[in-house]
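J.: As annotated in TrEMBL:
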- A:27-46: transmembrane segment (TRANSMEM)
- A:58-77: transmembrane segment (TRANSMEM)
- A:83-100: transmembrane segment (TRANSMEM)
- A:112-133: transmembrane segment (TRANSMEM)
- A:187-208: transmembrane segment (TRANSMEM)
- A:239-261: transmembrane segment (TRANSMEM)
Amino acid sequence: MTTATATEKAPATDSGSILLTLMKARTFIALFAVIVFFSIFAPNFLSTANIILMSKHVALNAFLAMGMTFVIITGGIDLSVGSIVGLCGMVAGGLILNGIDLQFGYTMYFNVVEVCLITLFVGVVIGAVNGLLITKLNVAPFIATLGTLYVARGFALLSSDGQTFPNLVGKEELATTGFGFLGSGRIIGLPVSIWILIVVALAAAYVAKYVPIGRQIFAVGGNERAARMSGIRVDRVKMFVYMFSGFCAAIVGIIISSELMASHPATGNSFELNAIAAAVLGGTSMSGGRGTIGGTIIGAFVIGILSDGLVMMGVSSFWQMVIKGIVIIVAVVVDQAQRRLQQQVTLMQLAKKG
Amino acid sequence: MALIDTHDTILKLDDVTKVYSGIVAVKHASLELKRGAVNVLVGENGAGKSTLMRMIAGVEKPSLGRILLEGKEVEFNSPADAQKHGIGMVFQELNLFGNLSVAENIFSTREITRGLRGIDHKAQVQKANVFLDKLDAGISAETMVEDLPIGQQQLVEIAKAISLDTRILILDEPTSALSAAEVDILFKVINELKAQGVAIVYISHRLEELMRIGDYITVLRDGQITGQALVNDIDTKWIVRSMIGSDAKDFAKSVDHKLGAEAFRAEDICLPRRTGGLAVDHLSISVKAGEVLGIYGLMGAGRSEFFECIIGQHAHSTGRIFIAGEEIVARDTSTRIRKGLALIPEDRQREGLVQVLSIASNLTLASLEKFVKFGFHIAGARERSAVKDAISNLSIKAPNPDFEVTSMSGGNQQKVVIGKALMTNPKVLLMDEPSRGIDVGAKADVFRTMRRLAGEGLAILFSTSDLEEVMALSDRIAVMSNGRITTILDRADATEELIVKAASEGHKSAEQKSIRETA
């Protein structure tokens, strides 16, 4: 209702506002465009099996991108998520396969729920390390998370000497079975990982809109100094976003190991870049203060559909990279253009008011 | 007003207007700069002096109007453009590279090179020393700029401007950090440049300086030119009249109410400056409930720093603060706000507002916990009704509280910052230049609000560099200079002379001290 009255008041800027609305909806338009394009040119694109397969691929990136979105909104960046995926996968696989050796002849095994909780905890702890480096030791987010990227990857490789933990079926007598459910199970026809994505995405969107910490994330990214002056505990907010990012990465680690029923230490290599791309495509501003969970999810879908669709069309993977890069650049250029147009429209309205 | 022209015009601003988001900084101003003369520009903070000069120096482009240089229309797209036309400017905020040497700063972007063999540092240092000697600065051209005290940095900036062979030299408050001896040298240099036919634009708040050095004077008020004259024809009274205007500001009448017990006390607040010395120098002050204490001081007197110490923004400040007799031990801003302190910062854009958030979100930013249900959920209805109350209480002209905060005028933005502070239910309100950069109507609203709050028993400390404002609004007036309170006056005893004298006292005694030390 409010937007309606606003447009009525300013009929002169109509052409500007229409363009502005189009630009604001650009991620939606892009998603629509890729879907239409591939349903025409890629065979079997719209089959149920393919859609479910694609959404499973997208879900992995979407988890990371959600964590990344909060981080970027505060004005930071988290390069370590790919490595956290790898390490958390190894933690989950190691716990199921080998348990924890208690050094005096006993080995402790955990059931699948406990394994998942421990793995999530590991992800959160790495996120907390990132947060502490950034807030307490004043390391730039880029450098701090670049450091943890290497450290986490190193530990993942050390955990198995670079080997894969194979065949994570578990043993009945140790109650470690059932790990595969997360990756390949279904509830009411939808893969479990999609259900988890829906739950986490709804929670994240709720936090962004209706919980004080969400508002504070935007405030810190929008103007950190003003946020501090308003009594917001900026350090606490930053800790939260990096811990949440680590949490999301841990979820991905668990799901990938569960899908493959194996953990490989190199899993998740360069996932962080896809996550950043999805967030940016979804309208998250790298300078902080702007972004939405919904936009990011759509961004993840655009990137995911684009790469899967191109594969189905038989486009070479080298060309895929070129196309993906161009899409990201165009997204940011449009974003900037929109920002400028928006400013012009507001200034004009102000000037008219006097 | 007809001016007797003995000098010809070098640059003319023809009906220029500059609009920023939220504020019209300059409205239809026309100004002529005379060759070989000191063109003085005065006006209160936010009158538009700096904006006008930034347009001449190519930093900003006018939204409307033309710039004529020697009769020809010109357009400056960048400061480099303006420099090519012989226009140099010394900014109020210094624009030096602290990590480079003095010589490198003076010759930045036009380094003396030896062809392929790179920069000729020796020649640069030599030439730089010539300019520095002319200013009697006593600075070696090889020193790092960041190692120099602020006054000497200003001299470097001036040397840089002189070295450009400018035809028009703009000095924006060049003396704000200089000692009396340095000011004399600067004036000598200005006279030399004048003799060479350079047009000088001189901006300052110090009226006696303007009378001493100026030839032509232009007075600005609220972005408009309100007076132009030869300095010889006028006196300081004329300047003040043109600055303040005949339409006296609408100050809220003070409502008589009883002052309560002591609400706030600061003891021995100290804050070291980065360049040495103390920005806030053993400052103690006490305010009663329902009292409005005005802190008057010139730029750099340490008012903002003092407020920032109180609200807990400087980890290395010392001293103790009390609210209603209870000492506040916590040093972080969040706890201090919860204990009943609130600050309205001086720089609205940098410290007051989160520009990307809506009007409503900005209002409730500091007090979100008041609207929380079940420990985590922001109750939308409660938040909305609180926002509505704030908007009507402070008469904020907001078309829709969900619009971005930058869509409003500066005055309304300032009211949002005030509303944000009030929503935390403070007992003590610190307002740093609350009327800076807002229009007359909004000013009156802000003043009325201050009076009303004081009547409700809030203790208010506000800082200003506007004499009239401090005289009209305060129950007591504290004058700050060089980090110290030089005098505290009751409203009944305060006169403008007393206040102005006290405002420069801190510097005098500091100078005497340094003279004694060097002697």
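Cβ atoms are placed via backbone N, Cα and C, with glycine included.
Give me the local environment of each listed feature.
T.: Counting residues 6+ beyond its ends, the transmembrane segment (A:27-46) has Cβ neighbours under 8 Å at 281-283, 295, 298-299, 301-302, 305-306, 309, 312-313, 327, 331 in the same chain.
Within its own chain, the transmembrane segment (A:112-133) has Cβ neighbours under 8 Å at 78, 80, 84, 87-88, 91-92, 95-96, 139, 141, 144-145, 147-148, 152, 170, 176-179, 181-182, 238-251, 253-254, counting only residues six or more beyond its boundaries.
Same-chain residues lying 6 or more positions outside the transmembrane segment (A:239-261) and placing a CB less than 8 Å from one of its CB atoms are 56, 59-60, 63-64, 66-68, 70-71, 73-74, 76, 78, 80-82, 84-93, 116, 119-128, 130-132, 134-135, 165, 167-169, 179-184, 193, 196, 200, 204, 213, 217, 267-268, 271.
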J.: How about long-range neighbours of the transmembrane segment (A:187-208): same chain, 6 or more residues beyond its ends, C-beta under 8 Å?
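T.: Beyond its ends, the transmembrane segment (A:187-208) has Cβ neighbours at 52, 55-56, 59-60, 62-63, 66, 70, 181, 214, 217-218, 244, 248, 251, 255, 259, 292-294, 297.
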